[in-house]
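**Q** The structure is given below, and queries will be raised subsequently.
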Amino acid sequence: MAAPKKGRGPAGGQGRPGRALALILMAMVALTGGMFLAHQPTPRLGIDLAGGTSITLEAKAEPGQESAINKTNMDTAVQIMERRVNGLGVSEAEVQTQGNRNIIVNIPKGTNSAQARAQVGTTAKLYFRPVLTVAQGTPTPAPSASSSDKASPSASPSSSASDKATSPSGKPSASATTQGRAVTGGLKADTSPTPAASSAPTASAEEQAAAAKLQKQFEELDCSSRASRSKAALGVKPTDTVVACSSEGDAKYVLGPAEVSGTEVDSAKANFDQQRGMWIVQMEFSGKGSKQFQTITKKLSAQQSPQNQFAIALDGEVVSAPQVNETLSGSAEISGSFTQQSAEELANVLSYGALPLSFTEQSVTTVTAALGGEQLRAGLIAGAIGLALVVIYLVAYYRGLALIALLSLLVSGILTYTLMSLLGPAIGFALNLPAVCGAIVAIGITADSFIVYFERIRDEIREGRTLRPAVERAWPRARRTILVSDFVSFLAAAVLFVVTVGKVQGFAFTLGLTTLLDVVVVFLFTKPVMTLMARTKFFASGHPWSGLDPKRLGAKPPLRRSRRVNAPTDPKEA
Amino acid sequence: MSRLGNLGARLYRGEVGYDFIGNRKIWYGISILITITAIVALAVSGLNMGIEFKGGAVFTTPKTSVTVASAETLATDASGHQAIVQKLGNGGLRIQITEVDTAKSDQIKSQLSKDLGVPAEKIAADLVGPSWGEQIANKAWTGLGVFMVLVVIYLAIAFEWRMAIAALVALIHDITITVGVYALVGFEVTPGTVIGLLTILGYSLYDTVVVFDSLKEGTQGITKQTRWTYSEIANRSINGTLVRSINTTVVALLPVAGLLFIGGGVLGAGMLNDISLALFVGLAAGAYSSIFIATPLVADLKERDPQMKALKKRILAKRAAAAAKGELSEAEQAEQGIPEDVEPAAAVVGQRQEPPRGHGRTSGKRR
């Protein structure tokens, strides 16, 4: 679909219409087969057609922090929101970024949309809480895989390397990823490695009492499913002693009141420690945070396992629960059995908690399933009526040629439908109301191409040509016109798709897709079929109902046999 | 319909033809008038912006026995803002309340569900913050700008810069008319309208491109002949593609009309209706502009080209010479009949199907 070209291309070339037809038939069979193999016999419906809630959020930067709205932060936000929404027990809620600063959250019907909105819009809450009790994630007390004997219960003034060595053995439970990491001071950070032994008995007594109160709740806590994990996290206040699940569901905790807020984390980075050959997460605290962190680590480092751990709790779920081996302040590092990915994830979470990125609701659309169904029906009826009108018009005007147009529209329809169905799982395409609208409007675009070609053929017949040469001669010129105008349509759709947000994108996408398919159909179907039809007696003899009756078209008798060489000034239409 | 086909044949042969180019000043005048009306309407009454631009909420209830008037009172009381209530085709209500924020709208929704006796989960709600529409509009403007630049570049490469400019003028013209109609009639402007308006971009150009394509083909090697001026060929291009332009426009309008009436008839108001209304107005404007504005404008621009000026001079001289010899063909006689016209009357010139090279045909042969 570039600049208009002259000359005859191979597609739909004169003598071999069968090849092109076989090609498009194969494509149709493959797409239809793929659709059923993928168990996607219908396009995925958008919220406005299926019912549900769609929330559009826009990131708002704090003054002076505009650069905080970047791709990384937006992606982190999407991850966190997805966790929250899906934690509500909704399956298949989708959270996507759109444009540079928008996040769209689509929640299918049957969900408490008010709760979803409350969950989604707020900034992530990250707290550092002391761990009081740890157990495996399910309510049944499972036998511990490894008895929790700690290698170095008290603060060890040893080097980081030895900390790391001890930490894996200190796992309180069988889980591998979220626990058993050791926090140590950064190389310059271990200012006062004094163990604070005095605080241990009192704190422990207090916490035991709290744990007793929470005992029942703790025992009943089931961390095996995402929904129940989020339920435990709901309504958690930073000042309470709470129960919480690990984000992977393999462990559950009783956690003390929040000691440090995530907003006090200045920065967190995942680094590969060359010396030790392992991934670590380094974090830096703000002034206030480092004081608070010093207090908590001082307290914790004096405890026995598992109470020498603190939990990094994001939205009430424990992301990581490293042990503390020494008192730390301004900067700290978390080491343990990290992979690159898990280290980066934790660093993201830590950074995000401190991020001045908040979201405001731009629009919230709740569509009941009944209304959605009604709109889908209305859209389909509108499409059917529009199609019927086009068909009536084409038949009345083009007679037999309309059959070719209808078949082409049908092929185009099948291709569009199967592609839409397949694009649902592939790229998350969802058929929404504007997309339906775009598909209906596209009927006109597709029909336009046939009209351009048919009129060209009729012009050739008016010149006195018989049908077969007319069909071939009309094609290169019609092809050029179709390509140029489809290119303009596609350009419009592409620009719309790139620059717009929300519902407009669905419309633009459909329009662009159908424009592309129009080119495919005209080249691989309409033209070859036209070539074949020109061989039939019905069309070739110019039957009055063929739409190609030379008399009716006002062809000039006597019929011209040979064609004059291109008259440069022949003002024939294009 | 077959009569239209017949007309198509006669248009193609140039037996009938309308002098679009010759009367272009009339069309320019009409378009300028429409544009001024649109601008005045826009300035005076402005656009009726939907809640997406003002911020607010639209609630759609299922079938209910509450009357529109009482629902209006209830909704106004519940929100503290004036509510607009419409009855929908399915017996439900569409309650629109402007200038409430998304937080407040939740309360209103639960209040409404109590007042109307409809369970809250059966009420569909569309809550929009005030800056949402602004964001959509900004993106739309960006889209419009980007598209115009790209299309001008493309048309300038595929055709020539004059055509690109004329197409751009026609495009702006279409958008102005559409916006003007919205201002005049007071249709609500929603994101759906914006979508529709942006779609016109592609559509409006579709017809224009078809005519230009014909024009480009018709004027190949134009300087090597002395029979037709650029304007005359342009006029023939319009006439020759007229049937096709009508057909493509009708075929494009039919599905949109289906959308418009179903969207309006069944659902009362909403996205379908908004998109299709804007498309309907824009498509009609687009068809008009491709015939009456874009091509005459190209001819006008082209006639300023020194080469074309020279050509026209040669042609006029030749015609005068032929007239002096008394070998007046029918067409040429007609041309002489309009001495004041700057352009030779193209309509009548178009009365021949024969290639321009064919010389000295007797006037009777054609019939």
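Just so you know, glycine gets a Cβ as well, placed from its N, Cα and C.
Curation plays no part in TrEMBL annotations; they are all automatic predictions.
Annotation source TrEMBL lists transmembrane segment at A:20-38, A:376-396, A:403-427, A:433-454, A:482-501, A:507-525. What TrEMBL records for A:137-208, A:550-574 is region 'Disordered'. Feature annotation from TrEMBL assigns compositional bias 'Low complexity' to A:143-169, A:189-208. What TrEMBL lists as domain 'SSD' is A:401-532.
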**Q** What residues in the same chain, six or more past the boundaries of the transmembrane segment (A:433-454), come closer than 8 Å to it by Cβ-Cβ distance?
**A** 46, 48-49, 375-376, 379-380, 382-383, 386-387, 390, 394, 398, 401, 404-405, 408-409, 412, 416, 420, 474-475, 478, 481-482, 485-486, 489, 503-504, 506-511, 514-515, 517-518, 521-522, 526-527, 530, 547
**Q** Which bits of the chain, at least 6 residues beyond where the transmembrane segment (A:403-427) starts or stops, bring a Cβ under 8 A of a Cβ in it?
**A** 24, 27-28, 31-32, 34-35, 38, 40-44, 387, 390-391, 394, 435, 439, 442-443, 446-447, 450, 454, 510, 513-514, 517-518, 520-522, 525-526, 529-530, 533
**Q** Could you please provide the mean pLDDT value for the domain 'SSD' (A:401-532)?
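**A** Overall, the domain 'SSD' (A:401-532) comes to a mean pLDDT of 86.
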**Q** According to DSSP, how is the domain 'SSD' (A:401-532) divided among helix, strand and coil residues?
**A** 120 helix, 1 strand, 11 coil
